[in-house]
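Taking it in order: structure first as structure tokens, then the write-up.
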Amino acid sequence: MTTTVETAAATGRVARVIGPVVDVEFPVDAMPEIYNALHVEVADPAEDGARKTLTLEVAQHLGDGVVRAISMQPTDGLVRQAPVTDTGTGITVPVGDVTKGKVFNTLGQILNEPEAEAQITERWPIHRKAPAFDQLESKTEMFETGLKVVDLLTPYVKGGKIGLFGGAGVGKTVLIQEMIMRVAKLHDGVSVFAGVGERTREGNDLIDEMTESGVLEKTALVFGQMDEPPGTRLRVALSALTMAEYFRDVQKQDVLLFIDNIFRFTQAGSEVSTLLGRMPSAVGYQPTLADEMGVLQERITSTRGHSITSMQAIYVPADDLTDPAPATTFAHLDATTVLSRPISEKGIYPAVDPLDSTSRILDPRYISQDHYAAASRVKGILQKYKDLQDIIAILGIDELGEEDKLVVHRARRVERFLSQNTHAAKQFTGLDGSDVPLDESIAAFNAICDGDYDHFPEQAFFMCGGLDDLKAKAKELGVS
């Protein structure tokens, strides 16, 4: 699919500039369509007046030939009456193998090497329709990650949408980095990463780590960081998704799409909505919140035989899961992995809350009976332990009955055994990551719940892989 437009480009003039919002006047019979990209040349004050091309995206038709556009770059140096060219098409990004190993901005410009060196042969527009209903794949298949807590308690769906919920600093980005490494190593798949409104330092660290671990060559990265205008942050997820769609639809590959952070996408939408003068709705969010989220999420799907599996980090403002931004995202997800601050404070990583996290396929219709039984058993023990917490806090553990003491004894071991060393956290811990097959996880948790390892000290269960790791740690602590 090509995006060339044969018509002569219409030219207008800048009528008004207010921050990233630019009003442009065109001839009434040559107004650009909504979502068209406009180009305007400016003298950049930061570069001693060097000329650069700004890209604007049409957001509203105000009438009488005037359109309101949102700038994708800072508008410093833009003046009234500056000539503006309508490109006749929306923003486009490069697609195909040329994107692997490269870092792009929202406009598809390469950031980590000279653009002239890249052999870009095809570009797709970022605004595209979702696949037709009859093209969708209805088969449900589990996506194994090698992380015990995820595979056992919140199994991911191949071609599904996975949400990583958590407040600041509980490990969302580390878990996403871990999944990128695991996908490249375990599944030999293509990954596309969208950095939406996150810290530039984190993006830089991610690129360095991916280069070191050798997975950068299988990944395309698209960044629209915190310091960029809201228009860029609102569109960066669509740019990355377009690259992923090409791998799925043309190259017939299974793709993993990582979005960090989907909350910043909502936040950018809220800023743009306010700039366009729309009336805010609940908690100050844009009135089109559900619609904008739906447009993005409906394109992330599986078509016949090929899938886009997406993992989305979702910042939870003030740890409040009822906030409209995370609440709107919930409706689209197949699995939710809730990262908990109290669990991260215990030093248990990944800090997944086993009772709050859910999965659509944690059901005997989709997974084995053994898997379902083990997951239910583990959740049951942890739930009972949680129910006893108040009594323990007030009266102490000695006031519990023998049966309850045994539940607490085993639950503490189960809780610690849910922790695991990850490849991405090696820089913090100095320990190699571990991969635990699902069958081994099921057998290990059944054995712990049966009391086979009641005589092992609690610290032996902490940050280990499978049963062999557990036994080796116990031996180090002097227990056979």
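Each residue, glycine too, has its Cβ placed from N, Cα and C.
The annotation ATP binding site is assigned in Swiss-Prot to Gly166, Gly167, Ala168, Gly169, Val170, Gly171, Lys172, Thr173 on the grounds of sequence analysis. If you take the C-beta of Gly171 (ATP binding site) and look for same-chain residues 6 or more apart in sequence within under 8 angstroms, you find Leu339, Ser344, Tyr349, Pro350, Ala351.
Surrounding the centroid of the Cβ atoms of Gly166, Gly167, Ala168, Gly169, Val170, Gly171, Lys172, Thr173, where the record places ATP, the chain contributes additional residues within 8 Å, namely Tyr315, Leu339, Ser344.
Candidate binding-site residues: Ala168, Val170. Fewest other C-beta atoms within 10 angstroms, Ala168. Listed in sequence order, the residues of the same chain lying 6 or more apart from Gly169 (ATP binding site) and placing their CB within less than 8 Å of its CB are Ser344. Highest local Cβ density among the binding-site residues Gly166, Gly167 belongs to Gly166, counted as other Cβ atoms within 10 Å over all protein chains shown. By a simple count of nearby Cβ atoms, those within 10 Å, the most crowded of the binding-site residues Lys172, Thr173 is Lys172.
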